[in-house]
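Peer 1: Before anything else, here's the structure in question.
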Amino acid sequence: MPDGAGVLAHGLGGRTDLPLDGVTAIAGGGAAVAVTFLALTVAWTRPRLRPDAGRPLPEGLARLLDAPGLTSACRWVVLALSAAVVGVAFAGPSSDARNLAPWALFVTFWVGLVPASVLCGPVWRRVNPLRTLHAAVCRVARVAPSGVRAVPKRLGWWPAACWLLGFVWLELVAPGRSDPRLVGGLLAGYAAVNVGAAVWFGRDWFARGDGFEAYSSLLARMCPVGRRPDGVLVWRTPLTGLVGTGGEPGLAATACVLIGSTGFDGVTRTTYWRDSVDPSDVPAGTAGLLVSVGAVAVLYLAAMGAGARWSGQDPREWTGRFAGSLLPIALGYTVAHYFSFLLLEGQTTVILASDPLGRGWNLLGSTGNVVDYGLLSPAVIAMVQVNAVVLGHLAGTAVAHDLALRTVPPRRRLAGQAPLAAVMVCLTCAGLFALLSG
């Protein structure tokens with residue numbers, strides 16, 4: 001069984017035997033993004049990502065996926081599992097190496113939510129236990145689920161951005177962050193605050209006020225299964241859901257939090273950071289996280305301002321219009337930093353779930369098992385990491401180009417897109433440097 005520090009040891013977890021030449025990978029990744037941008041300006045001359053397109057799912061499958069009974073059953077199961085995790089946080093072993101709760105939260109849920117949402121759609125909106133709790137509270141208190149007043153439109157994604165920034169601070173900086181009792185208390189407090197907000201603002205609060213549901217829904221915009229504007233479930237080009245994200249307040253900020261925080265995770269594993277900063281130095285860690293997120297935001301805003309001026313557009317509109325192009329980058333960074341974490345450390349969740357209270361049970365037959373760290377070789381990990389970062393930026397470049405084709409006059413398209421393309425090249429190189437310099 002790994003020690004408690006292993007709960008939050010991401011990616012390569014300190015391996016230094018990477019089978020890649022860092023300089024070559026960084027230069028190649030940046031060049032790939034630059035060449036792709038130039039190729040798109042020549043070969044991709046009309047918008048191809050159409051939200052109204054797609055092949056409808058078989059009628060029987062679509063009916064099953066939309067069945068109210070399936071949604072209800074899944075929500076109650078997830079509520080029961082969530083309550084069990086909180087209960088184990090308080091009643092289980094006090095050691096984070098032996099308590100299921102921190103592993104379930106930081107590994108299985110937080111990291112597992114990414115592939116679940118990208119492959120299956122907005123799954124957390126479908127099964128969110130907070131929605132179930134809210135519905136129950138409304139029935140007992142005899143209040144309308146629609147709330148007292150509507151969520152102010154100007155809030156947009158800002159509540160989600162704040163929640164996610166707080167969570168990544170907990171994950172990457174906070175002292176004692178994997179302590180089971182702390183995890184249980186924070187989960188209970190998070191549920192209370194969001195259910196209370198939903199009682200006031202109505203069930204619509206969860207869509208952008210619950211950081212985890214918002215995160216899942218944003219990732220789901222890259223899912224190959226989605227809904228057309230008429231509500232029909234369809235197979236679609238995975239990037240299609242990103243072209244309808246323009247003008248949503250706080251969306252760009254949310255994406256910058258996701259990119260910047262994951263980038264900071266990589267920075268903390270570089271030789272320079274490890275040699276210069278004490279891991280227990282909370283002010284330094286907090287400053288590093290904020291600087292990382294802020295740097296991404298400044299780069300994006302600068303690119304939007306320059307691109308808008310050079311193409312004769314309103315910079316304020318551009319900031320929201322192109323925010324969707326950041327989401328593939330956030331996904332690429334997340335895959336690069338967390339996929340091995342999920343596959344390797346995620347095994348611990350199954351091991352601990354077999355004896356959640358530490359009483360010698362063997363409910364799943366996995367008690368006493370050990371994590372198979374040989375499941376992934378350093379070569380596989382490194383290749384997935386590099387390709388995830390590069391492909392994420394390539395996809396973001398393609399989305400930005402498709403969005404530009406819809407709004408920018410033909411003669412100004414190259415100039416209008418160039419600043420954002422330059423930022424994407426910089427982010428590619430920076431992301432690869434953080435990954436490969438540990």
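Even glycines carry a Cβ here, placed using N, Cα and C.
TrEMBL entries are annotated by machine, without manual review.
What TrEMBL lists as transmembrane segment is 22-45, 73-91, 103-124, 182-201, 282-302, 322-344, 414-436.
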Peer 1: In the same chain, who gets a Cβ under 8 Å from the transmembrane segment (73-91) while lying at least 6 residues past its ends?
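Peer 2: Result: 99-102, 104-105, 126-129, 131-133, 180-181, 183-185, 187-188, 356-357.
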Peer 1: At a C-beta cut-off of under 8 Å, are there same-chain residues at least 6 beyond the transmembrane segment (182-201) that contact it? List them, or none.
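Peer 2: Here the qualifying positions are 82, 85-90, 101-102, 105, 129-131, 133-134, 137-138, 141, 143, 147-151, 163, 170, 176, 209-210.
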Peer 1: Looking at 22-45, 282-302, 322-344, 414-436, which one has the highest count of Cβ pairs under 8 angstroms to the transmembrane segment (103-124)?
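Peer 2: Going through each listed stretch, the top one turns out to be 322-344.
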